[in-house]
Ligand code: BGC
């Protein structure tokens, strides 16, 4: 098995949606699903192209209400290329007599190949070989190369190459009752015999999208000029070429497409730039050469190497992790450094969650922090640009500071839907997920982690600190003092576990004192207070002036940070358990076995119970890790500090006890859940860690939720699995100006090698179960501090150190 390849050896219509998502190619500016070039959207195929940050809003009447949704727009389809032989039917995978089929995603080169052989009418055999790329070198370009061999016949062939702007967003079945026509056609024209272009505009956000494409033909090395018939339909343009195919003389067709939008920098207007880009473009081979070079450089930074005692296991793990890294880079490549975009939870790979940006960044950023932090910096600036909108949202809700939305897209308005469809019952139900205020802890945590890894003081001074301070202010205003408890409380929120949005007997949504939210709020307040010592004095006082921050306000933050309430209850053995929220212990235990027997797959218990006229709010059931998120984000030392600071006692055993308690009560309805569970268990249960890790690995390749991956990859779970190797098994923690290492390789894993960047140093890490070797590349950087086994060492540039464990 080649761990750099993802291969499929037959065409399987049921699997097509999944493969399209997994074979998506992208470069951070745009991405294109791995659909068949000749296909248009139907029950099997869903070709789609998504441009980062290209959103549009539409209204729909649903259940007597007008709702508005903002979606990442499916752009015109540049890929369309189909053919027919001697006036027969246009080639169609589902109807053709396929003799062999091979589809391969080359993970190293980010090139998708499809080779197929089929028998046409009169027993004629034809072979097609197609390669495509979305250029990492030139972010506006994509290319498709097609070779057609007539094996045992000669005759006429027609090729249609089109740009199709007659497109709607129809990638997610349960959104199909919602309006989905985002594009208005402006132009669709033929420019020359080999070039056409079109322009559309999104009908609310008024983003103009232009595409131009050239289609050129070769017989051997000889270019052949063909005169097309031009077909123009509403919003689309196609060139129809006719030529002769000789037996065993392949015809080569290259389609090069360019995409520009009115959001781009350094352009005159998108149409002109798109036409110019394709007119001047190199051939497929030349484009591929540069594209592969760029990917080679990226892999040098992002790759890793493991040795497992089971060689097959090793290959499979490396293959899936590399696939994950590929898709993450394709979603947020170095090209995002110059864009105003975030990380859509489902990548640029499908339409689930409408391309929105959630707290999933929390799982994605650690990978980029330690490999290419410039990318995280750009993504954090997406949040900074929406700080004013977050301030407005806080004010509108009666709070101070900045309240970031649970779902974010174009301008940072709250994009969570008010109603969502339960496909199981057909009911439209109130959606209270916007109450997940913990997104604000995630934004602050991400700022802090980025700073810890990079020590980028300029970023912290000018962007990060302002976000942190405003978020701290929000938490302080959300907290209220409870006389009876003599502590601060946070009321009417939702934690990460989306199964619980209200108390069973209450009409009003929200829960009180979600432990994760309360503790992370305290964590944010403490970090905001730390800024007093970290920021240059002048900058700190400037911020205090501009944000109108007083000593009294800091004093209040300090007081809240010492007196926040954290609910506890006891398990059957009388041990303390951190309650997911206040009152959790009153909820009924759930009949897990009964429901498993009845339904088999109970990952989406919320849908099952709603369809039964019941609600998860009544039970001790979690969709995903909630309390356990604390052990995921904070080391036991940090959690100890936090709880002690709050005057609660903490003993290490609390961690495994809570893990056991909540794992028994979690259905893993979110792919993030398995990542967190593997992570927290990996530290507590070395023998079991590998099994859990491999379970988390399968989330997308095996589409373990049964149908969600075709609607888009799960960027959080993909990054989380890579980060299990990167930070969890290595025990990497960046805290207090020290890079802590605390390796704990799971049973079976013999060694682990990776390169990371920490404070401008390039570090090579090699770990076995008994030894850690660290080397730094020569550079002009200051020494860094490495913490191993409780001791701190200074490491200079160019140094190599070995530590026995
Ligand atoms: C999860 C959230 C997540 C969202 C987007 C939901 O199913 O419950 O935690 O942010 O998906 O990935």
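Just so you know, glycine gets a Cβ as well, placed from its N, Cα and C.
Just so you know, TrEMBL annotations are computer predictions that nobody has curated.
TrEMBL has this to say about the protein:
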type	residues	note
DOMAIN	9-263	domain 'Glycoside hydrolase family 65 N-terminal'
DOMAIN	322-722	domain 'Glycoside hydrolase family 65 central catalytic'
BINDING	359, 360, 623, 624	substrate binding site
ACT_SITE	498	active site, proton donor
DOMAIN	733-795	domain 'Glycoside hydrolase family 65 C-terminal'
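Shown here: features listed in TrEMBL, placed on the structure.
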residue: 359; record: substrate binding site; CB count, 10 Å: 23
residue: 360; record: substrate binding site; CB count, 10 Å: 26
residue: 498; record: active site, proton donor; CB count, 10 Å: 20
residue: 623; record: substrate binding site; CB count, 10 Å: 22
residue: 624; record: substrate binding site; CB count, 10 Å: 25
Listed in sequence order, residues not in 359, 360, 623, 624 with Cβ within 8 Å of the centre of the substrate site Cβ atoms: 358, 496, 498, 670, 672, 673, 716
Max pairwise CA distance, angstrom, over record-listed substrate binders 359, 360, 623, 624: 16
Length of the line joining the Cα atoms of residue 498 (active site, proton donor) and residue 623 (substrate binding site), in Å: 6
Mapped DSSP class for the residue listed as 'active site, proton donor', helix or strand or coil: coil
Secondary structure tally of the domain 'Glycoside hydrolase family 65 C-terminal' (733-795) (DSSP, helix then strand then coil): 0 helix, 41 strand, 22 coil
Across the domain 'Glycoside hydrolase family 65 C-terminal' (733-795), average pLDDT on the 0 to 100 scale: 94
